[in-house]
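*Asks:* Not my notes, these are from Swiss-Prot:
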- E102: active site, proton acceptor (ACT_SITE)
- C350: active site, S-methylcysteine intermediate (ACT_SITE)
- C122, C126, C129: [4Fe-4S] cluster binding site (BINDING)
- G174, E175, S206, S228, L229, H230, N307: S-adenosyl-L-methionine binding site (BINDING)
- C115-C350: disulfide bond (DISULFID)
- 108-349: domain 'Radical SAM core' (DOMAIN)
Amino acid sequence: MHKSINIKNISDDKINLLDLNRKEIEIFLLSLGAKKFVTDQLMKWIYNRHCNNFNLMSNLKKDIRKKLNERSYIFASNFIEEKISYDGTVKWITSIDKQKIETIYIPEKKRATLCVSSQIGCSLKCKFCATGQQGFNRNLKVSEIISQIWQANKILKEKKNNSTITNIVFMGMGEPLLNLNNVISAIKIILDKNGFGLSKRRITLSTSGIVPALNKLIKKIDVSLAISLHAPNDFIRNSIMPINMKYNIKSFLNSVSKYLKHSHANRGGVTVEYVMLRGINDLNEHAEELGNILKKIPSKINLIPWNFFKNANFICSSKNRINIFANILRKKGFNTTIRKNRGQDIGAACGQLTGDIVNRIKN
């Protein structure tokens, strides 16, 4: 294991290399007088060997190591707390600006998924989601997104029998498309063969429907897409997801269709996320309506039993009602699954992430 550098007293004008994707690292290194191939060497040290001490990077020239020390540093925010569920799910908590964000690790037999946060809090105020009730502080930097993966990988290699992360989902705290540039840069690092080296189909970005940003994403990057729909019509969606009053279902799904036409990662269809709320969006007629609005969009529907959080005014649909709802959709030809609750006992399940946020949004 490599000895870590002391990051105290680092000047603000130094660059955290975890904020830079490949192209940006290459430009930075060229400015230091390094050759282009040094980009690969440096990224391997950072992401494959988890080394944040330039002095230990033995295949870099001494003068380049000196310049790197003078102009930059490598710092991944530490996890300050770990909670482990009876089902093996792990919640890691990171302190940023004296606030807390949450990262979830979900191990399964054939895969291991890391759910990362993209913002400190969330501004969308979806009524069924704990994160939305906490308010919003700021976007995470690229390094703060990447730190979650960097630290998780490090822990898994050291403590969990050399386990690896096979999938990364942007389904933690925040709306990824409201932090578009930083999320795209982070995804580039995740995709890079000398970064985390995941394929585009193993990275999932979930959005509640920020239509202009989704339209921009079409030209920027191709990853698996999940849409937080949660209602079959605008009337219901307006009542539980205020963002729908700005970007309604029709405009959202039109944007999704455009993305799918340009995507190789979504050949199997977009994942439609639908939280099950008793008496609100779970009736047979809602299933029929959902099938109708999705009939022209290749999709897989994931029904999510609602997870309780304090002061919420919802009740989860019964198992029987969820099964009936799922079967209606299956008869209409949709690949429909029911999400298994993971990490519910440690507040790590879908919609339960709260962190500790200083809200900067005025009501």
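Cβ coordinates come from backbone N, Cα and C, glycine included.
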*Asks:* Which recorded positions are spatial neighbours of E102 (active site, proton acceptor) here, meaning Cα within 10 Å, out of C115, C122, C129, S206, L229, N307?
*Replies:* C115
*Asks:* What subset of the recorded positions C115, E175, L229, N307 lies within 10 angstroms of C126 ([4Fe-4S] cluster binding site), using C-alpha positions?
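*Replies:* Cα filter at 10 Å returns nothing.
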*Asks:* Can you give me the average pLDDT across the domain 'Radical SAM core' (108-349), rounded to a whole number?
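*Replies:* Averaged over the domain 'Radical SAM core' (108-349), per-residue pLDDT gives 94.
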*Asks:* Starting from G174 (S-adenosyl-L-methionine binding site), work out which of the recorded positions listed here (C115, C122, C129) have their Cα within 10 Å, and give them in sequence order.
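*Replies:* So the list reads C122.
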*Asks:* Of C115, C122, C129, which recorded positions are close to N307 (S-adenosyl-L-methionine binding site), meaning a Cα within 10 Å of its Cα?
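*Replies:* Matched recorded positions: C129, sequence order.
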*Asks:* Under DSSP, is S206 (S-adenosyl-L-methionine binding site) part of a helix or a strand, or is it coil?
*Replies:* strand
*Asks:* Of the recorded positions C115, C122, C129, which one sits closest to S228 (S-adenosyl-L-methionine binding site) when you measure Cα to Cα?
*Replies:* C129
*Asks:* Have a look at the recorded positions C115, C122, C129 and say which one has the shortest Cα distance to S206 (S-adenosyl-L-methionine binding site).
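*Replies:* Comparing Cα positions, the candidate nearest S206 (S-adenosyl-L-methionine binding site) turns out to be C115.
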*Asks:* From the Cα of C115 (disulfide bond) across to the Cα of L229 (S-adenosyl-L-methionine binding site), what is the distance in angstrom?
*Replies:* 19
*Asks:* Take the C-alpha atoms of C115 (disulfide bond) and H230 (S-adenosyl-L-methionine binding site) and report the distance between them in angstrom, rounded.
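*Replies:* Cα to Cα, C115 (disulfide bond) and H230 (S-adenosyl-L-methionine binding site) are separated by 20 Å.
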*Asks:* Please report the Cα separation of C122 ([4Fe-4S] cluster binding site) and H230 (S-adenosyl-L-methionine binding site) in Å, rounded to an integer.
*Replies:* 17
